[in-house]
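Have a look at this one before I ask anything.
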Amino acid sequence: MAVNFPSIDPAQLHPVAGVTLGWAEANIRKPNRKDVLVVSVEEGATVSGVFTENRFCAAPVTVCREHLAKVRAGGAGIRALVVNTGNANAGTGEPGLAHARETCAELARLAGIAPGQVLPFSTGVILEPLPIERLKAGLPAALANRAAANWHDAAQAIMTTDTLPKAASRQVTIDGHTITLTGISKGAGMIKPNMATMLGFLAFDAKVAQPVLDALAKDVADHSFNCITIDGDTSTNDSFILIASGKASLPQIASTDSPAYAALREAVTAVAQALAQLIVRDGEGATKFITVTVEGGKSAAECRQIAYAIGHSPLVKTAFYASDPNLGRILAAIGYAGVADLDVGKIDLYLDDVLVAKAGGRNPAYLEEDGQRVMKQSEIAVRVLLGRGDAQATIWTCDLSHDYVSINADYRS
């Protein structure tokens, strides 16, 4: 059950000039469901992406990296993305790579572009051959129904164990020019930073130089999709793609030092964070949405390290599910996070506005009923004060329920 998942009105997902989306039902794994997505990008756009750090990365991730490397070396720009659900094309060896390249070649043939101008993506079951003929057979239909307003359908077409489609959109003004941003994401399990079994596609109509877009993609991922965790597993397929169509009247953003870049970065990060948080709210079996903030560190990295130790802990997550204020589990996670020279005698722990631990020990004024009150909420904030610096970091996570086990035990049935 999704946690306070906002209602998404398809009419509020703004079309992005220069970007069209089409879908098909190709029976990749299950019949009568959208499972192929094609995104077409007009000539002149720039595209960038960041991908999983899992060494067992899926075949389409390898091909995406190859094609983007050619673009950065001066090759023709990306003109299309193709996504299939139901099969990850991971753990499939050389045949999987051949299938990813064959998918690009077939879409390129149908669209009149070069295979190197296509980025492929897959999500679903690992270690099973991609049903390439079914995927290829679905491409003509996906191309035929492309439209600029198909963002909600596109969000549905990339779902796996997601219970709801995930999309976000906004318009901002930069230097007097209107910029439109719309994105979709998918993911509900195998969610951990760097990134997860997560796909995210975010388009906007600003014109951005390739090196600047590359920097923006990494920066935005680090402040959004790399700040979420559901179960601590890092997937083979995770990908986050930025598309800058260049159709807006705003002059090209050619430097990361410009005020226009700062404004765009803020807007893109806001949309990406919304998409990332939707993934956590729809986490497999999730009943609670939890924000973990660690403050007073020597660096943002050590703050994030502690935040993730809390967010990954099965004991912490099951305590949240049970509404059990067994909050010593949080202190234990802080202690094993691996931060050197951590003085636990300086640490304060808050649960929402309730001071649970002060100077490394139980707050004498803390009452368990106060902790119980917070633990029963569907949204909870954990705040840790380290008392050793000015850095901070925030992550978003969820609880761990019986349903998480059931969903993953039944995943292939």
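Placement of Cβ uses the backbone N, Cα and C atoms for every residue, glycine included.
Got these off Swiss-Prot a minute ago, pasting:
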BINDING   THR160, LYS186, THR197, GLU284, ASN408, SER413  substrate binding site
ACT_SITE  THR197  active site, nucleophile
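Could you tell me the structural context for the features on the list?
Sequence-distant neighbours of LYS186 (substrate binding site) (same chain, 6+ residues apart, CB-CB distance under 8 A): THR85, THR123, ALA155, ILE158, MET159, THR160, ASP162, LYS166, MET198, LEU199, ILE279. In the three-state DSSP classification, LYS186 (substrate binding site) falls within a strand.
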Of these binding-site residues, THR160, GLU284, which scores lowest on Cβ atoms within 10 Å?
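Sparsest of the binding-site residues THR160, GLU284 by Cβ contacts within 10 Å: THR160.
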Please state whether DSSP places GLU284 (substrate binding site) in a helix, a strand or coil.
coil
